[in-house]
């Protein structure tokens, strides 16, 4: 299937976006670490000193550049084509984390990265063409259909439960909590970004969409969702290993976004059964890749504590010992020696 000029523009913008966003994960985490070292309070437990850290703001600027490119990409290509290309940000962040943050990426993790890219390529090859939209009111009609309203209600309920009931109890020990909130809100933000981007595109083409209240409503939804995403993404990055946060966030975000897009924009209408099946297979390959990335970091946790004695603490034992607040896992990411862990525990008990 040949790729249209509009889809090609969307792909190029999405690739550039992923490169910037992947790098921003690393820059922001360096800033978070500096802020935590200066104050002793991490963002993951409510610290906001990172807002005074220039390196964190550099990461934010890098992310904003990537998000702007991503924003424009959605105006040219369907979400089922643009969103999977976020896999590149996994590769960028994982490789940079290996060299910059010293978060080791083993052979198994490299294989996981390759699988993520392979799955995304399969999805891109079988992606549908962008449908023609002539007005923001047309998008509003899609957003207010019963099926999509049901999806929005489900997301709102899940986010409420995660934020107010689950996050206080196990947000710092289960990476799925913070990334789940980001992904759920992200799926709504992408739908609104596509609506807003299409509106601005039509406006620049001479069909003014700023006179419609729906355009401003979508802009409000985008702002609300992005602020929530940034807050919980900071918590996830500060609490867990970057090479774990990035792929898990990608898979959850991609899956939910494509689901929302299929419900709202009916992207798969007119697609052959073979193309839809290929898209699903691509998602499965990406999911398998992220599982391998997770396994590669699990193997790393025990040796990182043991130095010359890699069997000092097994991942399962460490989970049982300190599953209460995730301190041991965080210390593992920061390459803290076992003797320092013992010293910290002794200080707490005094």
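Just so it is clear, glycine is given a Cβ too, placed from its N, Cα and C backbone atoms.
Keep in mind that TrEMBL annotations are predicted by a computer and have not been checked by a curator.
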Which listed span TrEMBL calls transmembrane segment, if the choices are 30-47, 48-65: 48-65
Recorded stretch, among 48-65, 71-100, 107-127, 240-264, maximising Cβ pairs under 8 Å relative to the transmembrane segment (175-196): 240-264
Within-chain partners of the transmembrane segment (6-27) [C-beta distance under 8 Å, separation at least 6 from its ends]: 55-56, 58-60, 62-63, 65-70, 72-78, 81-82, 85-93, 96-97, 100-101, 124, 127, 129-130, 237, 242, 245-246
Beyond the flanks of the transmembrane segment (71-100) by 6 or more, those residues with Cβ under 8 Å of it: 6-7, 9-11, 13-15, 17-19, 21-23, 25-26, 29-30, 109, 113, 116-117, 119-120, 123-124, 127-131, 190-191, 193-194, 196-198, 200-201, 241-243, 246-247, 250, 253-254, 257-258, 260-262, 265, 267-268, 279, 282, 286, 290, 293
Most Cβ pairs under 8 Å with the transmembrane segment (107-127), selected from 147-166, 216-233, 240-264: 240-264
